[in-house]
Amino acid sequence: MGRRVMLMEIFSLYIFFSFMFNGFFLGKSDLSTKEVNLHRRLSNEGLCSQLIQPSGYPCSEHITQTKDGYILGIQRVSSSNGAVQANSGPPILLQHGLFQGGDAWFLNSPEQSLGFILADLGFDVWVGNVRGTRWSHGHISLSEKDEEFWDWSWQELALNDLVEMINYVYSVTSSKMYYVGHSQGTIMALAALSQTDIVKKVEAVALLCPISYLGHISAQFVLRAVGTHLDQMILAMGVHQLNFRSEVGVRLVNSICEGHIDCNDLLTSLTGKNCCFNNSHVDFYLEFEPHPSSAKNLNHLFQMIRKGKFGMYDYGLWGNIKRYGLFQPPAFDISSIPTSLRIWMGYGGNDALADVTDLEQTVNELKSRPELLYLENYGHIDFILSVNANEDVYSHMIDFFRIPEEASSSQQSRNCGRVRIGCQVNEIYWTGSAIKAGPLHLGAPM
Ligand SMILES: *[C@@H]1O[C@H](CO)[C@@H](O)[C@H](O)[C@H]1NC(C)=O
């Protein structure tokens, strides 16, 4: 098998993981010194100097610490044609998905990548990076080799990392911010917004491939991994860090591909067909992605698929009593997100991971009615890497951000003839030129 073909396969699998599944990229932490260098060696340089500044954009590195001791890197980016200081527009925080880092928003050309587009429009762009990724900076006392370093799931990413990043951006800018999350970045937002008071610091949120309920995932391979309790097996083996770049990970991917799965078609069979993915750019993507995550995070996601609940991590009966004082882990209550928060969601007809039935449940539980953009031909990864994402997705999202909060529904209705979204119509289905109703079945607003 050629090296390039193998890289494609690994990338396909990574995308699959980009929302779900499988423990085969396990990197035992004691193997980290033997990591396969697929591309550039990890260096101490940050995201600014490795990706953003070389494209001509002013960028500064920031650091903040979570309440449980993780040190997160955050980048601030402004327009390529402007002054060196930060843009004067409103702050906007971009939060990447599973097995990704803040680089995800800058991997295509400046005309195609959301991070660059927002900076050029004058937004004060802040780039979030969760613990464990290449752009975060470890822990005040734990090492990445410690099992305890990886003892977290998206629950901590939401309630600790995201809350900390929002507080940090707010403390620097003294301004309410916009938020854009993709995939895991959407669970983090929904969980944090329903549990904490960060909502006071957020102006509006845009969720790409929104995920909270996972009971209807249809991807066969995910279901197989869940059914065979792969996540629990990994943990039982003593593996706590999931790392695609480890030697073991690469070897196992290789063996899976030879045995059971047609890897050439993996991207399609796992995420659904991504309409607008640039295959010629894959080698470049792989210089930055994928990033590590924790086995416990995967385990938490699989629990949600098994139980169909949007709840906290399940420690088992005694563990739950000890942690939560309850037999079952508490659920996140989506209906507690205040109606004053404006929400926009973009989702795809070919996304095999963010299922429409699950999204329906999320939307019906929200007290407010979010604005929805449905793209029939979009898969899970198109929302960040499609070569047409600016026209198909971002332009609509930015229109939504620009609608002033005070705009009354009557005013928005008047605009319906001109703008494609933001009308009183609950859901718009955009297929390039036509607008029609999408596939969600929405209940009455509460
Ligand atoms: C796809 O990627 C290649 C290689 O980086 C690049 O030259 C080309 O312009 C990209 N295509 C599009 C449509 O952006």
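Positions of Cβ are set from backbone N, Cα and C atoms, glycine also.
Caution: TrEMBL annotation is automatic and unverified by curators.
Database features, via TrEMBL:
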{"type": "ACT_SITE", "residues": "SER183", "note": "active site, nucleophile"}
{"type": "ACT_SITE", "residues": "ASP351", "note": "active site, charge relay system"}
{"type": "ACT_SITE", "residues": "HIS380", "note": "active site, charge relay system"}
{"type": "DOMAIN", "residues": "49-108", "note": "domain 'Partial AB-hydrolase lipase'"}
{"type": "TRANSMEM", "residues": "7-27", "note": "transmembrane segment"}
Reported mean pLDDT - the domain 'Partial AB-hydrolase lipase' (49-108):
92
Can you count the other CB atoms that lie within 10 A of the CB of HIS380 (active site, charge relay system)?
30
To the nearest whole angstrom, what is the C-alpha distance linking HIS380 (active site, charge relay system) and SER183 (active site, nucleophile)?
8
ASP351 (active site, charge relay system) and SER183 (active site, nucleophile), Cα-Cα, nearest whole angstrom
11
Could you give me three numbers for the domain 'Partial AB-hydrolase lipase' (49-108), the DSSP helix, strand and coil residue counts?
12 helix, 20 strand, 28 coil
Per DSSP (three-state), the residue listed as 'active site, nucleophile' is coil
Within 10 angstroms of the C-beta of the residue listed as 'active site, nucleophile', what count of other C-beta atoms is obtained when all protein chains are considered?
29
All chains considered, the count of other Cβ atoms within 10 Å of the Cβ of ASP351 (active site, charge relay system) is 28
